[in-house]
Amino acid sequence: MLGLKFLVLLSILWGRVFRLTNTQHSWTAPKDEDASLTPNHASASVSEILSLQVLSATQNPSTQGPAAAERSSEDDVLLQSTSQPSETSTPPEGRHQTPLEKTGTAVVSLPLSLQDKPSIKPSTGAGTVMLANATLKFLQSFSRKSDQQEVSTKSAGDMGNRSARETHLRRSDNSRNQRPSYQKPSFETTRGKNWCAHVHTKLSPTVILDTGSHLPSGRGSCGWYSSGLCSRRSQKTSNAVYRMQHKIVTSLEWRCCPGYIGPNCQLKVEEQQQLAHSNQAESHTAVDQGRAQQQKQDCGDPAMIQKLAEQLSQQERKLSLLQKKVDNASLVADDMRNAYLSLEGKVGEDNSRQFQSFLKALKSKSIEDLLKNIVKEQFKVFQDDMQETTAQIFKTVSSLSEDLESTRQAVLQVNQSFVSSTAQKDFAFMQENQPTWKDITDLKNSIMNIRQEMALTCEKPVKELEAKQAHLEGALRQEHSQIVLYHQSLNETLSKMQEAHIQLLSVLQVSGTENVATEESLNSNVTKYISVLQETASKQGLMLLQMLSDLHVQESKISNLTILLEMEKESARGECEEMLSKCRHDFKFQLKDTEENLHVLNQTLSEVIFPMDIKVDKMSEQLNDLTYDMEILQPLLEQRSSLQHQVIHKPKEATVTRRELQNLIGAINQLNVLTKELTKRHNLLRNEVQSRGEAFERRISEHALETEDGLNKTMTVINNAIDFVQDNYVLKETLSAMTYNPKVCECNQNMDNILTFVSEFQHLNDSIQTLVNNKEKYNFILQIAKALTAIPKDEKLNQLNFQNIYQLFNETTSQVNKCQQNMSHLEENMLSVTKTAKEFETRLQGIESKVTKTLIPYYISFKKGGILSNERDVDLQLKVLNTRFKALEAKSIHLSVSFSLLNKTVRELSMACRNASTGTCGQNALIPRWTKGSLPGSQSSQKSLTELVESIVEIKTQAALSNLTWNVDRLLSDTLANIVKPQKQIKLQKKPNTLKKTVNMTTILIGRTQRNTDTIIHPVAQEHSSCSSFPCQNGGTCISGRSNFICACRHPFMGDTCTVKIKEDDAVAPDFSKGSYRYAPMVAFFVSHTHGMTAPGPILFNDLSVNYGASYNPRTGKFRIPYLGVYIFKYTIESFSAHISGFFVVDGVDKLRFESENADNEIHCDRVLTGDALFELNYGQEVWLRLVKGTIPIKYPPVTTFSGYLLYRT
């Protein structure tokens, strides 16, 4: 008998605990207040609502006597939360009206439902016995519960039979009737062009109450003193099940457009002259600028608005956690209720009188208050923990957004610095006129600086990678420790269960001697309870096995990542070697051309300088001979008479001397011609060097422009990814799903990757800022960074590949240094050659002066007399000539040796230059991949952030649930020793039990106005699991979530898959008078065309400026429709052709045509075509522009553009 009492106590305590939990999660609101709520006040503080409901549930209605106090139990509180929230208004027609009972809290109490009163016929011979008043009250408390649920479902019958949309429309009609008559009930407004629409989108939580039915099997209960077999019966009971659902609600708010201020949105004084350029109404950029200008004019404080938004998001997360808890509580309540029904059947067979006093003791309010206090404390602790957790999460998110904003500002500064660097072109033109060797030295210095900067940049990422590895190891150890703690907690739970089982067995052994039938019933109940415990233990074991399997999966992923890193290392090394070989080949080809030029120069010098030296030596010898002869002839000049006589006799010798002088003059003239040719060739060589330098500078400037474009596009992609994360962060609907996600552990790694790339961009900004100060260095780096946009997106390089690349770069720089040294030697040789040329010129000038001085007296002497020579003078002249020829031979040998050294130096220089070119080409090809590898990490930031939030919420939820279960177990163990005591015996009067008629009904509480998106997710398995199978029918749009999907149906269809059509009486058109309409996501794109197009086909707009929704594909030039709705498109096309034509295409069908033709086809003219279109398009359709005839020129900034955006969804 004591075991029976214990089980009855246990079932009642569990039923009351979970009934109180369900009561706390109910959501009620007066009907009068629902009509006056604005969209901004729909998401009220859930903690305040829950506290009010708990307060109303715990009031003491003992002011009307014992009878009223007995009737106003916790079931009445549950009836208040589920019935229509209108206590003072008159019930509508068609609903069952119930009288009000006067209690202390004015609670609506419904009478018992006695429609079906089956009686149990006792066996013959049994006397008629009346039940006591206490027993009658006890049975009425159980029958009143089901009767109240029946009446509540009847009162909500009309709304249950109608759809969620109909209920919402009737509420909106009631609120619409209360508006003043001067308001206009339409979406149109009389506002002017100075007003702009601002869209606000948020998640609105809604509590859904459902009822579940249970049909127990087994024998029915018999009379109190019946004997023999009893008739078989079935009893159907219902219990409340609460669920939470999030609704996406978008509201429209009118504010002043950018440039307008004041309550009437008047134009500013400083912007009166710019009126023609400020007509954009609902542009995303204008809205962002308008927010900054309208912060002072808005009625609300921006800080308060931000604070309220954070509070709303916190409350939404709390509701999602409470939903899971309510579902679990409802399931446990079902099990305990089944146990209670089985006990109720057994009570009829017990003829003792101790049971009534035992039940009366159970209804004491001290236990009820104790349970309520414990639950309040647990919920308070849980609420504090959740507030702290969410505060930390939002703090982390805000810091991440600040870092991303600082990165964006830094990139903008880089762009500004690039614009300022264009002002240094005059300085660059002045440097082009300097000699080539200065440019080479500057290039050497720039390469040294680049090598130092690359070394500095490489050290920090390596250290960061080491820190990341240590962090990952610590996280793995922490996870192992958590698993160990989970095992310990599981063992403790099992030990507690074993102790409880031992206590139950002891109680059963003590009470086993009283009644055999009672022992069998208790054994069956105990076995059921033990089976339930075994099932829970098996579930926990399965969860543990799943955790272990997830751990193995993570370890396999880590091993796969290491293998991928090694493979990427090898592939990168092979690519680097190939690129270096290619660059070496190119540089060898260039040095070969340089060698040919130097060979031509050497040949020219050999052809000019060597003959010139020979001729100069001959002339010097002849001059020496002449001077010697003049000295000999000097005494003869004094004897003019005798010399004249001899000259007359020797005319032949004079003619020979004249011929020699003429030959000497011709040789001198030829020497002058050769000298002029040498100077001309020297000038040509210098001009060629200057032209090559100019071409080099031109190429560097072109590479600088292309590098700027690549950096701008890269930052555009990063900004789009950041905006995508920020826009979609609030739109997550499945934060309440507590399923285990094996990708949670990857969150830290992804976040670290994002942070490391932020630091790398900061280093990049610093290096670019230093490059701006040095023009040659800046141009060289821009030439290297040009290849950033040439690498395909599927190639990825990780941080470990940078070390190999830097080693190859260091080797290349060492080779370049050797090349520069050789070039410096070559420059010194060139200087020496120029010096010798100058010396030759001075010597030629001196010889010419000497010849002129010598010829003047020589011509005079020929006029006066002849020349006498003898054999001695001839011998002396021959000796002098021999010595001079020997000296010339020595000079020629010295020159040949110097030219051979010069050729050797030139060859070494060519080899070094080729090596340097191969190294630079390899770096040009490899550097762009470093930045390309960072794009997938930034695109996966959205998943990482959401998974981080879900992991933290799961941990906090598990901690709160474990604390709650521990307190309940402690309460049960404390009360176990105090309640099992002998009770007084009371007479039992016989009264037939009444069958409780239940009606399965679903009551939906709608919190806000919604258009065609109010869908109910039932626990029934759905046929479709994602949008890939196209589940939405009748033109509905499928919106994907994390674990399910939602169909946005078109009017007048509704349902999970848009298959239910609303009746004509209920199909009321949607009303947009209050500015609320269905969720409209941001979908917009703007692209331009900077390349030329000469062939017909789709126009591929290459420059992507805006792409919200990621629906435009630059590779195909097509815009894919993401949602069913009305879209607006605009296009502008420029052409120099005489005839241009094309089409606006939708899914391969030409919808619109644009054409322009000149009457005179031979005249070349510039024309611009513009057009716009508005279409209602469905999901999956594609839109593009197709050129049929004509060409599109290359122009930057571009003129040819194409844009579009989503106006509203249908």
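We count from 1, first residue shown onward.
Glycine residues also receive a Cβ, built from the backbone N, Cα and C atoms like all the rest.
Because the structure is a prediction, the values reported are computed rather than measured.
The annotation compositional bias 'Low complexity' is assigned in Swiss-Prot to 80-92.
What Swiss-Prot lists as N-linked glycosylation site is N133 (among others), and the listing cites sequence analysis.
Look at Swiss-Prot and you will find N161 (among others) tagged as N-linked glycosylation site.
What Swiss-Prot lists as compositional bias 'Basic and acidic residues' is 163-176.
The domain 'EMI' feature in Swiss-Prot is assigned to 192-267.
Of all the Cβ atoms in the protein chains shown, 26 others lie within 10 Å of the Cβ of C257 (disulfide bond). Among the features that Swiss-Prot reports, disulfide bond is placed at C196-C257 (among others), with the record citing sequence analysis.
Annotation comment: Swiss-Prot describes T201 (among others) as O-linked glycosylation site, evidence class similarity to another entry.
Swiss-Prot lists C222-C230 (among others) with the feature disulfide bond.
Taken from Swiss-Prot, the feature O-linked glycosylation site covers T250 (among others), and the record attributes it to similarity to another entry.
Taken from Swiss-Prot, the feature disulfide bond covers C256-C265 (among others), and the record attributes it to sequence analysis. All protein chains considered, the CB of C256 (disulfide bond) has 21 other CB atoms within 10 Å.
Swiss-Prot lists N328 (among others) with the feature N-linked glycosylation site.
In the three-state DSSP scheme, N415 (N-linked glycosylation site) is classed as helix. Among the features that Swiss-Prot reports, N-linked glycosylation site is placed at N415 (among others), with the record citing sequence analysis.
DSSP classifies N491 (N-linked glycosylation site) as helix under the three-state reduction. Look at Swiss-Prot and you will find N491 (among others) tagged as N-linked glycosylation site, backed by sequence analysis.
The number of other Cβ atoms within 10 Å of the Cβ belonging to N525 (N-linked glycosylation site), over all protein chains shown, comes to 23. Sequence annotations record features per position, and here Swiss-Prot assigns N-linked glycosylation site to N525 (among others) based on sequence analysis.
Within 10 Å of the C-beta atom of N560 (N-linked glycosylation site) sit 10 other C-beta atoms, taking all shown protein chains into account. Taken from Swiss-Prot, the feature N-linked glycosylation site applies to N560 (among others), supported by sequence analysis.
Under the heading N-linked glycosylation site, Swiss-Prot lists N712 (among others). Taken residue by residue with DSSP, N712 (N-linked glycosylation site) is part of a helix. Within 10 Å of the Cβ of N712 (N-linked glycosylation site) there are 15 other Cβ atoms, across all protein chains.
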What does DSSP give as the helix, strand and coil breakdown of the domain 'C1q' (1078-1210)?
0 helix, 78 strand, 55 coil
Could you round the CA separation between N328 (N-linked glycosylation site) and N491 (N-linked glycosylation site) to a whole angstrom and send it over?
22
C196 (disulfide bond) to C256 (disulfide bond) - Cα separation in whole Å:
6
Spatially, which candidate from the recorded positions T250, C256, C257, N525 is nearest to C1038 (disulfide bond), comparing Cα atoms?
T250
I'm checking region-level scores; what's the whole-number mean pLDDT for the domain 'EGF-like' (1023-1059)?
73
Quick one: Cα separation, N415 (N-linked glycosylation site) versus C1058 (disulfide bond), in Å?
51
Within 10 Å of the Cβ of N415 (N-linked glycosylation site), how many other Cβ atoms can you find? Include all protein chains, please.
13
Out of C257, N560, N712, C1027, C1047, the recorded positions in the record, which is closest to C1058 (disulfide bond) when you go by Cα distance?
C1047
For C1032 (disulfide bond), nearby residues of its own chain (Cβ under 8 Å, 6 or more apart in sequence):
C1038, C1047, A1048, C1049, T1057, C1058
Measuring Cα to Cα, how many angstrom lie between T250 (O-linked glycosylation site) and N712 (N-linked glycosylation site)?
34
Reduced to three states, what secondary structure does DSSP give N328 (N-linked glycosylation site)?
helix
Hey, how far is C257 (disulfide bond) from T1037 (O-linked glycosylation site), Cα to Cα, in Å?
32
